[in-house]
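Here is the structure we will look at, set down as structure tokens.
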Amino acid sequence: MLTQLAGDTLALLANNWFLLAILALIFWVVDKHIGFRMLVVFALTLYVHGLIAFTLAPDTSSLSQQGFNFPAGSVQITTAVWGYLVPEIRDRRFTLIAIGVILLTSFLSYYYTGHSLQDIAAALFIGLFILYVVYRSLDWIGSVPEPIIFSFSLVLPSAMLLIYPEGAPHAGLLLGVGAGHSMEQLKVRMITAEKEIKRAFSGLLGVVGLLFIIYIGGLLPETLVIHFLYTGFLGLWITILQPLLASKMGLCEQEGHSRV
């Protein structure tokens with residue numbers, strides 16, 4: 001029973017769809033800038049993990065059967081996502097919570113999934129390295145004109161797709177998130193509503209759309225191009241389509257418009 005509980009806890013903490021939904025909600029109802037950066041960290045982490053695993057164990061059949069454990073994917077994703085929030089929130093209590101979640105995931109991965117200490121240490125290092133790269137990139141992005149950022153958001157995922165075609169879902173998500181966020185900055189300029197009821201309905205709208213897109217994705221052919229386009233649309237829904245629809249429905253404000 002304890003093993004089952006530990007496995008369920010680990011599966012929830014590192015479930016990709018669960019994390020994506022949480023990050024999307026952060027974008028819609030908390031802070032779109034933090035949400036966007038976390039979505040970038042999330043997509044890059046998944047891509048890098050897949051690339052490393054594929055490079056060191058190119059037999060994709062073994063990967064699908066979870067026969068290759070390096071690095072520990074659940075630890076890497078948890079480190080990147082929760083680690084990003086530490087400098088953003090800058091609260092001692094949250095820092096302890098984030099460290100606790102990362103350590104818990106590492107502990108469960110070591111004792112219940114067969115990962116070695118080497119797998120976990122590598123995952124922690126890679127997750128932290130991705131955070132460092134993203135933070136350093138933000139300094140550069142802040143001084144670059146928006147058209148260049150938009151072009152970069154198209155070129156980088158396309159290059160990632162060419163380097164590692166099996167990472168098409170993650171490259172597509174990065175493309176959709178990056179391009180959508182750039183368009184949102186120009187066309188919508190969403191500001192989270194002050195009223196909690198509006199934020200709640202905005203989040204509900206986003207989650208319903210997200211679930212519908214996920215359902216449609218299950219009906220699509222299993223090809224790399226389809227996966228790339230599908231997750232690209234998923235990223236667009238999170239960063240431009242939902243904010244555009246929410247603004248039309250009065251569920252959020254827009255920069256430059258008077259608040260109701």
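Cβ from N, Cα, C; glycine included.
Whatever TrEMBL says is automated annotation, not expert-curated.
Quick look at what TrEMBL lists:
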TRANSMEM  12-30  transmembrane segment
TRANSMEM  37-56  transmembrane segment
TRANSMEM  94-112  transmembrane segment
TRANSMEM  118-135  transmembrane segment
TRANSMEM  200-218  transmembrane segment
TRANSMEM  224-245  transmembrane segment
Candidate ranges 94-112, 118-135, 200-218, 224-245 - greatest C-beta contact count to the transmembrane segment (37-56) (under 8 angstroms): 118-135
For the transmembrane segment (118-135), sequence-distant contacts whose Cβ falls under 8 Å of one of its Cβ atoms, 6 or more beyond its ends: 37, 40-41, 44-45, 48-49, 52, 69-80, 83-84, 87, 102, 106, 109-110
